[in-house]
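Colleague: What Swiss-Prot records for C3-C35, C11-C25, C26-C61, C37-C67 is disulfide bond.
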Amino acid sequence: ATCSAVQLSPCLAAITKNTPPSAACCNKLKEQKPCLCGYLKDPNLKNYVNSPGARKTASSCGVALKC
């Protein structure tokens, strides 16, 4: 998978509005999993990826954020 945070756009509502993640969101999150640690190092993305909403979304999708 190419690392592109835009790919995670289906997760935006789940992350920002605290709604359950869609199947599309979980699929993209799993695809982008190898990229998540890189996003955490990016000052523009860090606040989104490390937010409680993002962590909850990842957890709901069964994706562990371990960097």
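Using the three backbone atoms N, Cα and C, a Cβ is placed for every residue, glycine included.
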Colleague: How many whole Å apart are the CA atoms of C35 (disulfide bond) and C25 (disulfide bond)?
Modeller: 15
Colleague: Sorry to bug you, but what's the C-alpha spacing from C26 (disulfide bond) to C11 (disulfide bond), rounded to the closest Å?
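Modeller: One finds 8 Å between the Cα atoms of these residues.
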Colleague: Any idea what the Cα distance is from C67 (disulfide bond) over to C3 (disulfide bond), rounded to a whole Å?
Modeller: 16
Colleague: Which state, by DSSP, holds C3 (disulfide bond): helix, strand or coil?
Modeller: coil
Colleague: Starting from each candidate's C-beta and looking 10 angstroms out, tell me which of the disulfide-bonded residues C3, C11 has the most other C-beta atoms.
Modeller: C11
Colleague: Other than its own, how many Cβ atoms are within 10 Å of the Cβ belonging to C35 (disulfide bond)?
Modeller: 19
Colleague: If you compare CA-to-CA distances from C3 (disulfide bond) to each of the disulfide-bonded residues C25, C26, C37, C61, which comes out shortest?
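Modeller: Closest by Cα: C37.
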Colleague: If you measure C37 (disulfide bond) to C61 (disulfide bond) at Cα, how many Å is it?
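Modeller: Their Cα atoms are separated by 17 Å.
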Colleague: Any same-chain residues 6+ apart from C61 (disulfide bond) with CB under 8 Å of its CB? Would you list them in sequence order, or say none?
Modeller: P21, C25, C26, L29, K30
